[in-house]
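Enquirer: Quick one: structure below, then a few questions.
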Amino acid sequence: MDHDQTGCEAAPEGPMLCINNCGFFGSAATMNMCSKCHKDMMLKQEQATLAASSIGNIMNGSSSSSGIEPAITANVEISVDPVEPKIISAEPLVASGSEESLEKKPKDGPKRCSNCNKRVGLTGFNCRCGNLYCAVHRYSDKHDCPFDYRTAGRDAIAKANPVVKAEKLDKI
């Protein structure tokens, strides 16, 4: 069959590069542009027509509240420059003699039980008295804990359950 009789064109000899010289291949359907360049061009044309129509509406004084406004959707790319964080050291305004007492240095050595001096590492238990204990001495009766659990419990119950008193009713 001959191409003249069917009305079809012959395919080009090889692939064509994009006319914007971006390095990708274009096609005749996208005006010899790659898909990205074609999409960018169509987006620019759409934005230009919307800008022209909005300027025309402003110049004519017509408001767009009388009809339905067209929905505008576009991908917006925002470039953000990396920001380097600034380290600000806050120094307390205290006399120079008491500065050493305010600064507490973390322990450099391994964590140890306060009772038997056994290394506990990550498995240590912090007690309410503020000390660190191993699995054997973690209970308050095993390490002679000075924390008063009884008064702490009473205070917690008193705080959670306030006294409710009804107002006196007037006699009729």
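Using N, Cα and C of the backbone, Cβ positions are placed for all residues, glycine too.
This is the feature table in TrEMBL:
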- 12-46: domain 'A20-type' (DOMAIN)
- 107-153: domain 'AN1-type' (DOMAIN)
Enquirer: When the pLDDT values for the domain 'A20-type' (12-46) are averaged, what is the result?
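Expert: Its mean pLDDT is 86.
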Enquirer: Looking only at the domain 'A20-type' (12-46), what are its DSSP counts of helix, strand and coil residues?
Expert: 15 helix, 6 strand, 14 coil
